[in-house]
Structure formats: structure tokens, C-alpha cells
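Reading through the C-alpha cells given below for one structure.
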């Protein structure tokens, strides 16, 4: 069984968690910064469209949430009792245990197969969110500047942003599918 469960197997699962959050947040940060620059330039010309054109910044921020959903620690390991928190926080923290993928499956003894699957799932969501963030940033920057000059460009910008955002969602779906393949191998290492 040592061949199936080497001591370094959890390293790959941990790197999957790290890749998911790091790359998705890099995409979110780039998309936010790039479209934020365009939003600032547009706000000088047309301050009345500022709130309407903040959509690229919000869509870029959603990419970071995809990484959190895949890699954040699950609620049974929280160091405090969630019953003493306000209701909105306790509902959010208790829902994390159902939405967490990778770190919920990390264990001291796990198969190399599970570690590689978790690594692939983390790279899947992380790199797809990075690509989506780049697309959202470039499209958002040009789109809000074009909307300042011609307000009818807004609908076209939104459609392109939706197609850019769905790239990150595809990575999240692949991570979900991959993670279902990693479960059920814990009994091999017992």
C-alpha cells in the first residue's frame, strides 16, 4: 500500500488548493485593475455612467470566489463556534462545508491518485480564472471607454463580458467533476 499512498501525496493536493486560490485571485486582480483604469478614465468624461459601468469590476471579483469555493478550509475545522456569530455569518460559514472541494479532501494519508486529481482540479479552476480575468480586464477597459463615447455599446460589452466570465465557470465545473473522482480512495491508505 505504500506505493499507492506515499508520504508526499498530500503535497499535490495542497498545491492544488494553492493553485486554485492564487491563479483565480491573480485573474480577479488583473481584471479588476485593468477595467478599473478604464472605469476611472470613463468617469472623467461621463460620471453619470459610473455605476452602470462598474459591472466589469464586479465580474472580475467573482473569479476570486471560484478559487475560494475550490480551496478554502471547510467549516468543521473552524477554531470557533459559529452558533455565537450573527445569523448571516453563521449561515455563510456553515454553507462552506458543502461548497468546499479540495481542502475538505486533504488528509495526512491519501493516495497519490487523489493528490494528483486535487492538483489537476486546482489548476483547472485557477488557470481558467486567470484567462477569464485577462479577458474581462481587456474587454472591460475598452468597453467602458467605448460606452462613454457611445452608450449603445453597453449591451455589446456585457455580452462579451459574459462570454469571458463563463471561461472561469468552465474551470470550476471541471474541478467539480475531477474532485468527484478523487473521493472514495481513503480506505486504501488505512
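Indices start at 1 and increase along the chain as displayed.
Here the Cβ of each residue, glycine as well, is placed from N, Cα and C on the backbone.
Curation does not apply to TrEMBL; its annotations are automatic.
Keep in mind the model is a prediction, meaning the values are calculated, not measured.
What TrEMBL annotates here:
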{"type": "TRANSMEM", "residues": "6-29", "note": "transmembrane segment"}
{"type": "DOMAIN", "residues": "15-71", "note": "domain 'V-ATPase proteolipid subunit C-like'"}
{"type": "TRANSMEM", "residues": "49-69", "note": "transmembrane segment"}
{"type": "TRANSMEM", "residues": "89-108", "note": "transmembrane segment"}
{"type": "TRANSMEM", "residues": "115-138", "note": "transmembrane segment"}
{"type": "DOMAIN", "residues": "119-178", "note": "domain 'V-ATPase proteolipid subunit C-like'"}
{"type": "TRANSMEM", "residues": "153-178", "note": "transmembrane segment"}
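Shown for the domain 'V-ATPase proteolipid subunit C-like' (119-178): DSSP residue counts in helix, strand and coil, namely 57 helix, 0 strand, 3 coil. Distant neighbours of the transmembrane segment (115-138): 9-13, 15-24, 26-35, 56, 59-60, 63-64, 66-67, 70-71, 101-102, 105-106, 161, 164-168, 170-172, 174-176, 178-179, 181-182; these residues of the same chain sit at least 6 beyond its ends, with a Cβ under 8 Å from one of its Cβ atoms. Across the domain 'V-ATPase proteolipid subunit C-like' (119-178), the prediction's mean pLDDT works out to 93. Across the domain 'V-ATPase proteolipid subunit C-like' (15-71), DSSP helix (H, G, I), strand (E, B) and coil residues number 54 helix, 0 strand, 3 coil.
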